[in-house]
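Everything below concerns the one structure shown next.
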Amino acid sequence: MTNHSVILCILDGWGNGENNQFNAIAQAYKPCWDNITLQYPKSHLITHGSSVGLPDGQIGNSEVGHVNLGSGRIVLQDLCKINNEIKYIKDNVYLLEFINKIKKNNGICHIAGLLSDGGVHSSYTHILDIINTLSDFQIQVAVHIFLDGRDTPPISATKYISILCEHIKHLNNINIATLSGRYYAMDRDNRLDRTTKAYNAIAFANAKRYEDPLTAVQDSYNLGITDEFILPCIIGNYQGMKPQDGFIMTNFRSDRVIQIIKMIIGDIKTDNHITLDNTIGMVKYSDKINIPCLFPNNNITNTLGEVIANNQLHQLRIAETEKYAHVTFFFNGGKEDMFENEDRIIIPSPSVATYNLTPEMSAEKVTDTIIEKIKLQKYSLIIVNYANADMVGHTGNIDATKQAITTIDQCLSKILNCIQNTNYVLVITSDHGNAEEMFDVKNNMPYTAHTLNPVPFIICNYNKKIRLKNGRLCDVAPTILEILNLAKPKEMTGVSLIEQV
């Protein structure tokens, strides 16, 4: 058993990048961070591609990052798994059952998802593959497009829409029905007014109508509205859903489809509702959403949280709303239930349109709560996520992101001061980069997506002389287990990055 306790501090979206004018982290005032990087052992971690279970060259994201951090192994991600399996989609028993039900009911298929090659929430190629199969079975299809502009350039929707239009013009009975920026269709922060706008367009064709999707997008561009924020709208003569219809959600990441799926199946009540009894998802989105899926998830056991629980130790997960699922559901390998002696605290995120308006977000409240819990000396492991660098970085506003970095720096200073003369070891890392690249020089526009840069890995307040090796996100859990003097389970294929001096 250990004499140490650990605080794992995940600075979401904090990468190591070139020191230039577009690196909000390098440009920000952050005296505590500057001191940390000089005083304590540090290395860096790879957060993309095959190092986290993604295709080579694929940028990492928060879900993938937290799954790898918590599981202590490289977890084959849904993108890779689906890429491998979708070539056999015509034989997928779950899709065949779905299709047979539509045919029996004489309905049409509504297929919805993020039309993007960002690889974070979806892949447009998956949508095309499923459309091909539906067309082969002579199913009439209404396509509901969610527009990205966050994991892709802010003004890039016409590229993907053109690909889709070219693809379906040779297929029978396939029509684009609605468009919606992901700001509306993919909200995850319980801002149901946004989700309702997307739902009303999909379910009731209740929104502004355009003849074709490219005209709809250009109309928004003319108003200065980029892809992410395009209001839900209707395309052509789409008239809405009927009870005999079926619905497929093609996003494979769960957190940003839960609200819209719950509206579709009636778990979130709306003023008007169409009841469908034939809905299917790409993967299992939640234990609380009772719909089948095309590609069932893998079962991940002996995660870091499970090892802590099996040793009868107490652990705490804390984050603000935007990243709460990441330190709980994703960190636990896609399991919603809490382990024994696991406590969770959610701090509400600010209710603003975009986080450049409040770059401090709720970091100070998160920090004050952590300090209260440290003083209890109850928890052997505290896992905290600071959302600022990622969520403000996604706005493309470099000045606001610099303010976000300064806020995090102040929070780190408070935590470090609090753990002096305690047995707490502060482990600092990130899940992926973002704030260190804020401008796309090649395309002369703000850069709002994640990056391929490595992220920092630093251990503070450890009373042993050590060096740290470079590694991958899956190496963090084994490193923490070494600090806690707990055995690493065989399922964890990551390695401790600690080298004794």
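A Cβ is built for glycine as well, from the same backbone N, Cα and C atoms used for every other residue.
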Candidate sharing the Mn(2+) 2 site with ASP12, ASP431, HIS432 (per Swiss-Prot), from SER43, SER50, SER51, SER62: SER62
Site-mate of ASP390, HIS394 for Mn(2+) 1 in Swiss-Prot, selected among HIS314, HIS450: HIS450
Of ARG188, ARG191, residue recorded by Swiss-Prot at the substrate site of HIS121, ARG150, ASP151, ARG182, ARG253, SER254, ASP255, ARG256, LYS323: ARG188
Neighbour count (Cβ, 10 Å) for HIS121 (substrate binding site): 27
Residues that sit under 8 angstroms from ASP12 (Mn(2+) 2 binding site) by C-beta distance, when 6+ apart in the chain: SER62, LYS323, HIS326, ASN385, TYR386, ALA387, ASN388, ALA389, ASP390, MET391, SER430, ASP431, HIS432, ASN434
DSSP state at ASP431 (Mn(2+) 2 binding site), helix/strand/coil: coil
Check: same-chain CB within 8 A of Mn(2+) 1 site center, minus ASP390, HIS394, HIS450: ASP12, GLY13, ASN61, SER62, ARG150, ALA389, MET391, GLY393, HIS432, ASN434, ALA435, THR448, ALA449
Integer Å distance between the CA atoms belonging to ASP151 (substrate binding site) and HIS450 (Mn(2+) 1 binding site): 7
Cα within 10 Å of HIS394 (Mn(2+) 1 binding site) - qualifying binding-site residues among HIS121, ARG188, SER254: none
Cβ atoms near HIS394 (Mn(2+) 1 binding site) (within 10 Å, other residues, all chains): 22
Number of other Cβ atoms within 10 Å of the Cβ of SER62 (active site, phosphoserine intermediate) across all protein chains: 27
